[in-house]
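Peer 1: Supplied in structure tokens, the structure appears directly below.
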Amino acid sequence: MEEMDSGEKRLNELGYKQELRREMTLFKTLAISVSTVTLFTGITPLYGSSLLYAGPASLVWGWVVVSFFTWFVGIAMAEICSSFPTTGSLYFWAAHLAGPLWGPFASWCCAWLETIGLIAGIGTQAYAGSQTLQIIILLCTGTNKGGGYFAPRGVFLAMYIGLTVIWAILNTFALQVIAVIDIISIWWQITGGVIIVIMLPLVAPSTQPASYVFGHFEMASDSTGIRSKAYAVILAFIVSQYSLYGYDAAAHLTEETKGADKNGPVAILSSVGIISVFGWAYILTLTFSIQKFDYLFDVNNETAGSFVPAQILYDAFHGRYNNSIGAIILLFIIWGSFFFGGLSITTSAARVVYALSRDQGVPFSSIWRKIHPKHKVPSNAVWLCAAICILIGLPILKVNVVFTAITSICTVGWVGGYSIPIFARMIMAEKNFNPGPFYLGRASRPICLVAFLWICYTCSVFLLPTSYPIKFDTFNYAPIGLGICLTSIMLWWILDARKWFKGPVRNVNGHSEKV
């Protein structure tokens, strides 16, 4: 009989039997983590709006400040991951750390926040992927000035649905396919990142001085309606807060990772490190390469003023070579990262829905917890996530701020889900914590406190209005969407679920018992 894997042994001690295949090595787990956080996918779509609020300096230093606090969250999560290497992890952690009395409620809130965040996360990738495709088509057909084709809302929605469906189809087939694609993804992100970071400043006809990039503060009160400097800086930080999460993907796959109690924390911390450094390099590259600041936002420019990074790329290549082929190739690299990012978020979302339905926490859970007999993946859960994602994209046809709302819902759900196990870890008695190989000891409480407060701040920022005066087409409807979701989930808990939902169901020894 082969020796049991250390992560599987820990899983059995926690009362779960191994159901998913343990095929992921540390490198593959890291690949999935890095491609979920993704270098381009967070920064690219929000770079323009964050730059407009308060100019380059707030954006550049914002990344440094947000990275600093993100380390606290990453370290707190790594300690917990080392102790509990299970799939659907945040939700499982919350149940165990909150203890028998509060465990069911903590895991209920955590699971639902995470589910909302991840499903909206598929939407953010689909939207940003469609936006990049829209600009690639525009530049290929002759730019906005030269009569190029700028896809209207209906075509944009079709691209959004198309991407979501492709990801669902790929996720219905074996994990190995995804694991291979994820390895392509990590090389794509790293190689693509290095190419853009080195090439763009070299190609740009002129680069901005360091004093401009690191010290220039400029508000665009006429277009954003925001007069307060402090408020503008808070909104300029949003791009960094949106980009620097998702590193829990390593934890989602721990049940499928070899030696997860050691490799899980390593993967979480490595992905925070890689992204902090690479992300800053990417922001600096874009900012140094700006040619004319005001022209970036001009609706009559080559990219219709709709996608600032694309205009920066276009200005650099067109200014140097008089054509836009280089810009189109780099945009294709960026589009590839949206494609890979969306694919791995779909994997994570389906895993969380599967884990929650395995514990009867989703309506009609018997359907969603079915595992595909041949491919061994939760295929019904995959298609449920895709369907909801398509529904939240439908307002694209009428409203301008769909992306703002989807990113806000995604961030609040996803990052809010982190807060519950971290808070539970912070207030629990130390003697009840069963540490894994990565243990913080006395430092644990202060680190968890900083992480918890930072998460609360991040979530509140994403619910703020992003432009004034508030009108129908500029209104951030995330608080309403989240309010409706969270109120109904809480009502379900109070009226019914608390009577029977006990948190994660143990399934070792062939019989189910509640934790």
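Every residue gets a Cβ built from N, Cα and C, even glycine.
The following feature annotations were taken from TrEMBL:
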- 26-48: transmembrane segment (TRANSMEM)
- 60-78: transmembrane segment (TRANSMEM)
- 90-108: transmembrane segment (TRANSMEM)
- 154-174: transmembrane segment (TRANSMEM)
- 186-206: transmembrane segment (TRANSMEM)
- 226-245: transmembrane segment (TRANSMEM)
- 266-290: transmembrane segment (TRANSMEM)
- 325-356: transmembrane segment (TRANSMEM)
- 377-397: transmembrane segment (TRANSMEM)
- 403-427: transmembrane segment (TRANSMEM)
- 447-465: transmembrane segment (TRANSMEM)
- 477-495: transmembrane segment (TRANSMEM)
Peer 1: So which residues does the transmembrane segment (226-245) touch in its own chain, when a touch means Cβ under 8 Å and the partner is 6 or more beyond its ends?
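Peer 2: 37, 41-43, 46-47, 49-51, 53-55, 58-59, 62-63, 65-67, 70, 73, 217, 219, 272, 275-276, 279, 283, 407, 411, 414-415, 418, 458, 461-462, 464, 466-468.
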Peer 1: Per the definition of 3+ C-beta pairs under 8 A with sequence separation of 6 or more, do the transmembrane segment (325-356) and the transmembrane segment (186-206) touch?
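Peer 2: Contact confirmed: at least 3 Cβ pairs fall under 8 Å.
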Peer 1: Mind pulling out the one from 154-174, 186-206, 377-397, 403-427, 447-465 with the most Cβ pairs under 8 angstroms to the transmembrane segment (60-78)?
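Peer 2: Answer, by Cβ pair count: 447-465.
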Peer 1: For the transmembrane segment (90-108), which recorded stretch in the set 154-174, 186-206, 266-290, 403-427 gives the largest number of Cβ pairs separated by under 8 Å?
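Peer 2: Ranked by Cβ pairs under 8 Å, first place goes to 403-427.
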Peer 1: Looking only at residues six or more beyond either end of the transmembrane segment (154-174), which have a C-beta under 8 A from one in the stretch?
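Peer 2: Contacts with the transmembrane segment (154-174): 122-123, 125-127, 129-131, 133-134, 181, 339, 342-343, 346-347, 350, 372, 375-377, 379, 382-383, 385-386, 389-390, 393-394, 396-397.
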